[in-house]
Amino acid sequence: RDLSENQIQAIPRKAFRGITTIKNRQLDSNHISCIEDGSFRALRDLEILTLNNNNITLIPLSSFNHMPKLRTLRLHSNNLHCDCHLSWLSDWLRQRRGLAPFTQCMAPAHMRGLNVPDVQKKDFVCTGPAQTEPRTCVPQAAVCPATCTCNNNIVDCRRKALTEIPANLPEGIVEIRLEQNLIKTIPAGAFSPYKKLKRIDLSKNQISDITADAFSGLRSLTSLVLYGNKIAEIPKGLFDGLVSLQLLLLNANKINCLRVNTFQDLQNLNLLSLYDNKLQTISKGLFAPLRSIKTLHLAQNPFMCDCHLKWLADYLFDNPIETSGARCSHPRRLANKRISQVKGKKFRCTGAEDYRSRLSGDCFQDLVCPERCRCEGTVVDCSNLKLTRIPPYLPEHTTDLRLNDNEISVLEAVGTFKKLPNLRKINLSNNKLRDIREGTFEGAGSVQELLLTGNKLQSLQGRMFKGLTGLKTLMLRSNQISCVDNTTFTGLSSVRLLSLYDNRISTIAPGAFATLHSLSTINLLSNPYVCDCHLAWLGLWLKKTRVVSGNPRCQKPAFLKEIPIQDVAAPDFTCDGTEESSCLPVPRCPESCTCSDTVVRCSNRALRTLPKGIPKDTTELYLEGNLLTAVPKELSALKQLSLVDLSNNSISHLPPLTFSNMTQLSTLILSYNQIRCIPVHAFDGLKSLRLLTLHGNDLSIIPEGAFNHLTSLSHLALGANPLTVTVTCAGSPSG
């Protein structure tokens, strides 16, 4: 019977007594946190048992020994605590490999993400005396802990040398004080029985490990104090559901990054302290949900004031709530400068700074399997998940990375493979790949097999495989490749098997395979080769080489159709002057800009006009800090734009219908220009615009109806403008 997705919290010893013939019991996606000894003893005929997606921390010894027919067991996505009580499970699963895949430890912190069968018995240790009495799920009577005092629904356990949070507290408590103890871990649901809790103080402990649902269900909580601990990371979703929280103190910890949605439910928060942590950057949008925030403490963090932190300076300028005096730490040119007082054009990125902070919206945990992926041993399987990019953080121990059957279109050079020294195989087959940026595979020298079959690659250029020095197999079959450049395979001296089968290759540049010194097999079949003068070299190469090629054939000109290329006589490889002579590289990014995926940065380049060659699929375009005197008309051709930054230019006017074609635009930054007035129809067509900043211009009048067409607008910045009613805009009412 299917009992999944219910509210079951425990499995008592007699739960299945008398149900001896059942073969399938599904208990996944409940709230099970306790399993009593002998719970499954009656289920001798059971073949399938699912316990995944629960809150199980401990499974009693020999729980599954009375089910000899069990062939499917699901235990993944629980909160298993891998101490001495769980060592039996490791041995049991090792003897039954494949029975319960992806069963992982979640605690203690140093074992999080490890597969239980892979953990050695000596590593399952208990910090206190091992519990020997039978496990029971009957709740014990709520009492005040012996070392604490309880008055007026306030539990005071300060300075009691506690190493864990007391259990079975009175249900009606509204405040618990646990500061100045020796607590290291906050387990799942530690406070969930106490729905009336308003204040929790855990300051000055030794907390380094917090489970994601440690505070789940505390909708009445108004104050949470966690300062003075050893917290390095805030787990995803830790503060979700804390809708009443007004005070959150995280100062004096070791927090080095914050996910962009960390505070998504804290719309009532008044005070947030992140003072004295290890934050180098903060993702744009982190504070957006904090609609009630009045005080923010960010000082004593080693902030990298690069282009990614410019938004924070703007935010603090518009919202003067940071009272601790947060300052830049890096780069040297901005060291010790107050973030809120640094001008926008000073926030710029160099390569090293950019790499350090661009991925700040998520946090890295080496041993944790990427979200939604499946990890078994050193195999990370992220296939068939509709991913549009490679997960930014992958376990360092990964040897086999499966990304096939997704929707990835571009491989960015973001250093992903520099962090995977053990990687041997990458499967990217059956995606939507159309581009591999040069440098993507930097650091992937250990990779031996790269599968790119069934994508949309149209050309191989620019040393896109640079870094794959140990590669032995390269599969490029069933793409849309039309030509092969003579630098494409530079550095791939170890490749033995290369497949270009079933593409659209009409020509191959001379010497394209010259650097493939280990090549033994190359599949060139099923391509429409044009056997003209540019392919004569290939005929000669195929005759002389010992490499197995499959005997590729000409398709053009007509008189050579289906003739093996190596059999064509040299004089028959002719040209009449109308052929394309080679695979010329197509510029992907304007010379004066830098491009990352669909983000184009042309900032601080003294530009007077829009650079030519900006990709049509650009979604974010940064043009701040230039010499533009008008909004470039060419922007109207970039219909995928969602963000345009034109701040710190010399734009003085906005003609009507300037942005009329930009229906996808959600953010438009026009601050710090010389705009004097706004025609009524200046922003027509911007139906998706949510944020418009006109801060720091010379605006003296805004005609009635200027923003009428901005139906999605939620943020409008008009500060630092000399607004009066004495000037009119041409083509606008006079106010």
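The chain as shown is numbered from 1 upward.
Just so it is clear, glycine is given a Cβ too, placed from its N, Cα and C backbone atoms.
Curation plays no part in TrEMBL annotations; they are all automatic predictions.
Lifted from TrEMBL, the feature list:
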{"type": "DOMAIN", "residues": "78-127", "note": "domain 'LRRCT'"}
{"type": "DOMAIN", "residues": "143-175", "note": "domain 'LRRNT'"}
{"type": "DOMAIN", "residues": "301-350", "note": "domain 'LRRCT'"}
{"type": "DOMAIN", "residues": "368-400", "note": "domain 'LRRNT'"}
{"type": "DOMAIN", "residues": "527-576", "note": "domain 'LRRCT'"}
{"type": "DOMAIN", "residues": "588-620", "note": "domain 'LRRNT'"}
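Counting same-chain residues at least six beyond the ends of the domain 'LRRNT' (368-400), those with a Cβ under 8 angstroms from any Cβ of the stretch are 101-102, 104, 112-113, 115, 118, 359, 362, 406-412, 414, 416, 419-425, 427, 597.
Annotation: stretch 588-620 has the most Cβ pairs under 8 Å to the domain 'LRRCT' (301-350), among 78-127, 143-175, 527-576, 588-620. Distant neighbours of the domain 'LRRNT' (588-620): 307, 345, 348-349, 358, 389, 410, 412, 414, 435, 437, 626-629, 632, 634-635, 637-645, 664; these residues of the same chain sit at least 6 beyond its ends, with a Cβ under 8 Å from one of its Cβ atoms. A mean pLDDT of 91 is what the model gives for the domain 'LRRCT' (527-576). Helix, strand and coil residue tallies for the domain 'LRRNT' (368-400), in that order: 0 helix, 7 strand, 26 coil [DSSP]. For the domain 'LRRNT' (143-175), residue counts in helix, strand and coil come to 0 helix, 7 strand, 26 coil, using DSSP.
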